[in-house]
Amino acid sequence: MSILSAKAMNGERVVVLIFVLRVLSSLPLALFPHALALSLLSLFSLVVEIRVDDSAPLFKTRPGASSGIMLGAVTIPTVMLSKLIQLSRAASLQQIEIGELEHMTMQFWAASACSCGVLIFLSIVTWCAANNKNPRFSCSVWDAKFSLSCVILYSVVCCISLATISHTGFNTALKLLWLLCHGFAAVKLIQHLVYTFPFCASIGEALLVTSGLVLYFGDMLACTISKVCRLLIPPELVSIRYGIKRSEIGIIIQGALLGLLIFSALFKFLVQLREYFWGAKDSESRERKDIGRSLIFFTSLGFIMIAIAPSWMMIVLDFDVHPVLWIFRFIFSEPFKRLSLCIYWLALIYASVLRFYNISKNSKIERILLRKYYHLLAVSMFLPALLYQPQFLDLAFGAALALFLVLEIIRVWRIWPLGKLVHHFMSAFTDHRDSDLIIVSHFSLLLGCALPIWMSSGFNDRPLTPFAGILSLGIGDTMASMVGHKYGVLRWSKTGKKTIEGTAAGITSVLAACSVLVPLLASTGYILTQHWFPILIAVTTSGMLEAYTTQLDNAFIPLVFYSLLCL
C-alpha cells in the first residue's frame, strides 16, 4: 500500500496541504519552477513525516506533540514564496527594482535548501535505524525511489531557476554552493538543538527554528561579505542593495542578535578559562565563584554590546554616529509620542505581570488560560503602536527580544544575583510545552507578533499583513482557548482537546477584528487592495491549523496567516 494512502492523512497534514495549494494557486507563470520545488518539498516532507511517525522515536522530542515535520519543512519556504509573489506584483508595476526580486528568490531557495537538507538527514537516520532493527527490510523500495526522485528533481529545478537570475555559469555554481552551505548548516544546527535541548521541541519546531536561524544569520553573513569583500564576491550572489535598502533599525536588530551570539560563546570560553586557572582553589567559597562569574558575565556583555556589535553595524550601514546615539536621536525625534508610548507600555506591563503572577501563585486557574491574558496584553500594547508608530514598534520588538535572550541566559546559567529570581518568576507562567532547560513560550509570542511586522517592511500592498501575528495570536487563539474551555463540547478528535466551538469563536473573532481594522486603516491613509474572500480563506485556514496542530501554535499560525494575507 502506498505511504500516501488516505489513512495516513490526519487533520494537520490536510490543513498544511490546503495551505500549500492555496499559495501555489496564486503563483504567476513566471514562478513555475518555484511552484514545482515547493510541491516536491511538500511531498517529500509528507513521506518523511509518515515514515518517522511509524518508526521508533529517533530523538528526545517534546512529549505530547507529533513530529510536525511537514509543517516545519514547508512553513518558511512558503512564507518566502508568498513574499516573492507580492514582490512580483510590484515588479510588474515597476514599483521595485529587479535586484530586490532576485534577492527574495535567493531567500526562497536558501529556505528550501535548509528544509531539504534536514529532510535528507532525517531520511538517512530513519533508514539506518530501520536497518539496524531489521537488516533484511528497512523501508519499501517505493519510498526510497520516491524520495530520491523528489531530491533529484528538486535539484534540477533549483539549478534552472538560479540560471535565470545569473549572468554566467560560475555565478550559478557559486549560488548553488551557497545554498549547499545553508543545507549543511541546517543539518548541523538541528542536530545540536535536539541533542543539547532534549524534550524541549518537536522535530517540526526544531526545523522551523533551525531554518529561521540559518536563513537569518546567513543573510547577515552575505551582507557582511558583500560589504567588506565587494571586489572578491560577485554582488549578484545575494543582492547589490544590501547596503542601500536596509533600514537602520533592521541593522541594529541584527547587530544586537549577532552580539548576543558572540557574547554567549565568549562568556563560555572565559568561564572555562577562569576555571582552568583558578578552579583548583578549594579555599574559594561558592559565593565568591558566583560573584566572579557574574562580573565576567556583565563585563563581557557590556563590551560586546557597546563596542563589538556597534562596530559591525557601522561597517555594514555606514552609520554617521554610534548606533546607541542613533537610537537616542530616533527616540527623541518625536519625544512626546515615543516616550508616552514607553510609559504606557511600562505601566501596562507592571500592572499586568504583577497581577498575573499573584494569580498564578494563588489560583487554580489553568496555566494555558492564564497565559492567554498575555495574548490580550500583546494586543493592547502592540496594536496602537502599529497603527501610529510602526517604526518605533520595530525597534521596541528588537529591544524586547534582546532583553528576553539576556534574561534566559541569566536564568539558564544561574548568574548571581538574578539567576534564581528570574527562574522562579518565569516558572510561574510555564506549562507542559516548556521545560526547566529552556522556556520558549515568551519568545514564541513575541516573535509571532513581531515577524509579520518585520517582514512587511518595504513594499507592501496588503496592509493587513503586519497585523497577522496580533490578530491570530492576540485575538483568534485567545478566543478559541477561552470559548473552547468554557463552552466547548464537540471535539475535533477523540484524543485532542480542541473543540469546534472554540475554533468557530476564534475564526469569528478574527473576522470581526478585520471588519473593524479595515475601515480604521482606510481612515489613516492606507490604500486597501485586499478583498474579503481571500481574507476569509486566510482566517479559516489558520484557524483550522490551530484546531488540528499539536505544535507550538504561537510559532506557526502567524507565519501561515501572514503568507495567506500576502496573496
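Here the Cβ of each residue, glycine as well, is placed from N, Cα and C on the backbone.
Summarising the annotation, TrEMBL assigns transmembrane segment to 64-86 (among others). Sequence-distant contacts of the transmembrane segment (64-86) (same chain, at least 6 residues past either end, Cβ-Cβ under 8 Å): 12-13, 16, 19-20, 23, 26-28, 31, 34, 38, 41-42, 44-46, 48-49, 52-53, 101, 104-105, 107-108, 111-112, 114-115, 118-119, 122, 202-208, 211-212, 215, 432-433, 455, 459-462, 549-551, 556, 559-560, 562-564, 566-567.
Residues 34, 37-38, 41, 44-45, 48, 51-52, 55-56, 58, 69, 72-74, 76-77, 79-81, 83-84, 137-139, 144, 147, 151, 154, 158, 161-162, 165, 175, 178-180, 182-187, 190-191, 203, 207, 210-211, 214-215, 218-219, 238-239 of the same chain lie 6+ residues outside the transmembrane segment (106-130) yet bring a C-beta within less than 8 angstroms of a C-beta in it. Under the heading transmembrane segment, TrEMBL lists 106-130 (among others).
The transmembrane segment feature in TrEMBL is assigned to 151-170 (among others). Outside the transmembrane segment (151-170), and at least 6 residues removed from its termini, the chain residues within Cβ reach (under 8 Å) are 33-34, 36-37, 40-41, 44, 102, 105-106, 109, 112-113, 116, 120, 176, 179, 236.
Sequence-distant neighbours of the transmembrane segment (249-271) (same chain, 6+ residues past either end, Cβ-Cβ under 8 Å): 216-217, 220, 293, 296-297, 300-301, 304-305, 308-310, 312-313, 316-317, 323, 326-327, 330, 391, 394-395, 397-399, 401-402, 405-406, 409, 413, 454, 457. Positions annotated as transmembrane segment by TrEMBL: 249-271 (among others).
What TrEMBL records for 295-316 (among others) is transmembrane segment.
Remote same-chain residues near the transmembrane segment (336-357) are listed as 370, 373-374, 377, 380-381, 384-385, 388-389, 392, 396, 425, 428-429 (criterion: CB distance under 8 Å, separation of at least six residues from the stretch ends). TrEMBL lists 336-357 (among others) with the feature transmembrane segment.
Look at TrEMBL and you will find 369-389 (among others) tagged as transmembrane segment.
For the transmembrane segment (395-416), the residues of the chain that approach it from at least six positions outside its boundaries are 249, 252-253, 256-257, 260, 264, 267, 287, 290-291, 293-294, 297, 301, 327, 330, 345, 385, 422-423, 426, 437-439, 442-443, 446-447, 449-450, 453-454, judged by C-beta separation under 8 angstroms. The feature transmembrane segment is assigned by TrEMBL to 395-416 (among others).
For 437-455 (among others), the entry in TrEMBL reads transmembrane segment.
Taken from TrEMBL, the feature transmembrane segment covers 467-484 (among others).
Among the features that TrEMBL reports, transmembrane segment is placed at 505-528 (among others).
Within its own chain, the transmembrane segment (369-389) is flanked in space by residues 334, 337-338, 341, 345, 348-349, 352, 356, 359-360, 363, 396, 429, 431, 441, 445, 449, 453, 466-467, 470, 473-475, 477-478, 481-482, 485, 520-521, 524, which lie at least six positions past its ends and keep a Cβ under 8 Å from the stretch.
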